[in-house]
Every structure is written in structure tokens, then in C-alpha cells.
């Protein structure tokens, strides 16, 4: 019936956000358990699986494959926005963490903001590919839905040549030699001991502390105003038309 078709398409659209919620919930654990680099490589698995399911769905005559593919794609690349909370996906959460920790201090803010720029560029490319003159026709839409496999493959082939996060190596793995080696590979052979000393000071400061839950964060008076500020900024972002642009 028409009502059932509408329900199915609504489910296909919304399940992407459910995948984003699942991905964001597991990002913290995976990034500490396996490291930033391995966790980002792991995030390519649901991306490629989702692309394969959606790309083959028409050939197999299965709308269920689109539902499953959208779920897996959401786990990897979904961005779920509520008012006033933004939940990024597994890959996006870990990417921002990895990029920020790998960047030298003077470039850290610039490197972190590239994530938002890339999201905007990706949305634009997606809209452009979806035009009827490109891939938005009946014969080509499976290719359109499977197009997100391309950036996942690029990352899967190139990321193994990069070191893991220096901060992760020093603070989580207690591997000072590995940290120094990663810093030299990322930043060159200059004198970077000041930043390494900062990381060692952080390691001493948080020694013995367990990871905080969301509830612990909300109750922590030390970050109360920072949290309120972030909530206000994200809330206002929903009202200024930035998402439309």
C-alpha cells in the first residue's frame, strides 16, 4: 500500500541517523582500546559494507539491503543533529581526535576545522552527483549510493603509512620512544621536546583517573561553563541557516 511504501522510505532515511548514534557511542571506547589509527581503519569496514549492500540492492531486488546499507553507512559517516546536541559518527569523532593530536600546536585549530570544511564539500559533491544529469537516474542510482566507498578505499590504502597519534602512544600506551618517532615522522626532525614535555605533564596529571561518562561530565563543575557555552553555540547554529547553506 501507499502508506507502507511511505513508511519504508521514511525508515530508510531515518535509520542513517540511528547508525550515527551507534557509531558516536562506540568511538571513545574504540579509540582508546585500539588506538586512533586502527579505529579509523576499522571504521572503513561498515562504510565499505554499506556501500556494497546499497550498490547491489537493485541487482538483488532487495530494499532490505538499502536499509542495512544505510545503517552501516551511518555508523561510519553519519552526523546526527539534535537541538542542542550534535552526535558525530564513529569515523568523524576519531578523525577529529586523530587530526588534532597529530597536528603541531600552532596548526591544531586550523587542522581541526578542516573536518567541517570537508563535511560541507562532501555534501556539495553528494548533491551534485545526485542531479539527473549525473547519477540521479533510475539506471545509475545504485552507483550513487555506493559512491561513498571511494573515500573509504582511499583512506584504507593510505592511512597505514601514517603513524598513530603521539598523544595516544605516550599517554595511553606509555610508549615514549614510539611517541618521539611519530612526532619526528609528522613534524620533521626539529626540536619538539617542549610539546612532548607538555604531553608528559598531562600524563602525570591524569594518572590513575578513569574515563568520565556523559553523566560525570554533566555533573563536573570544573567544565560547567564550557559545556553551557558549547550548548549555546550549537543551539544557535540550528537557527542561522548554516546547515541550509
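Just so you know, glycine gets a Cβ as well, placed from its N, Cα and C.
Record note: among 88-109, 110-131, 110-131 is the stretch given as transmembrane segment by TrEMBL. Per TrEMBL, the stretch carrying the note transmembrane segment among 6-30, 181-205 is 6-30. Recorded stretches compared: 6-30, 42-68, 110-131, 222-241; the one with the most Cβ pairs under 8 Å to the transmembrane segment (143-162) is 42-68.
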